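Asks: Straight from Swiss-Prot, here's the annotation block:
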BINDING   72, 73, 74, 115, 248  substrate binding site
BINDING   96, 97, 98, 106, 241, 242, 297  ATP binding site
């Protein structure tokens, strides 16, 4: 490794000063709203079963117990919500072993996670909109459903499409090398959304995409009026995904079902299964209040607010320099 220049920070020092100022302003924003800042562990007895995450693991020296670096503070924060702590947010480090390369990823990154009890998805999106407008100084905001986005940009209804129709689109766009015979409709939709719809979100509007298909719910609740969709949304700016939000699933039994399904999917993909977080499950038995939440990539948010191109321009020492 050539250390002649890698010893220096990838971010200009002036950008690190600007980063600190933005984080100060964010903390002040939440303080003025009466939203409590919390701190939860980044080293945990459990990880998450989400198929999209490969966690970092380590062992305690004395007991040899396996521990995990958290990919998100979600479970710990929800355990606080069960105790009726009220609206909370956190700025913390998160770790994902499969997020590396490109302008927007680093295995260690800064997450802004925010939960608002007794707030439905649409009301919460408005709160998120107000916050992001404050951070990014944007004027135009657009809302579009996942279904409408597919119809608008690909002329296909994702809630009605057959697998053959999606495979034909994949073939048309020459994405065949990205799929396998066993890929589900959900996987095909994710590929098409990432490669053909997200590029169309590359403008100066803040864009909310909501009501993702039910089998892409992750830990979002299924919509009360249409069981084909979940109360999940994502927000984009200049083609960059900034945040992933839910009206949160609260039912313990449904959590267990989804966790089991996740581990089956992990094994099919050749990824190790993950023990389910028993502390989190126990908290759910006490009752998670109705709430909405979002995880925002803070490095990306700062990058965009400073009109920069990569998160390495706002991180002191990314993975190749640390």
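Glycine is no exception: its Cβ is also placed from the backbone N, Cα and C atoms.
Structural setting of the listed features?
Replies: For residue 73 (substrate binding site), the Cβ neighbour count at a 10 Å cut-off comes to 26, with all displayed protein chains included. DSSP assigns residue 73 (substrate binding site) to coil, not to a helix or a strand.
Sequence-distant neighbours of residue 97 (ATP binding site): residues of the same chain at least 6 apart with a C-beta under 8 Å from its C-beta are 53, 54, 55, 56, 107.
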Asks: Of all the binding-site residues given, 72, 98, 106, which residue's CB has the most CB neighbours within 10 A?
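Replies: For the binding-site residues 72, 98, 106, the Cβ with the most other Cβ atoms within 10 Å is 106.
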Asks: Fewest other Cβ atoms within 10 Å: which of the binding-site residues 74, 241, 248 wins that one? Let me know.
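Replies: Lowest Cβ count within 10 Å among the binding-site residues (74, 241, 248) is 241.
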Asks: In terms of DSSP three-state secondary structure, what is the assignment for residue 242 (ATP binding site)?
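Replies: Note: residue 242 (ATP binding site) is in a strand by DSSP.
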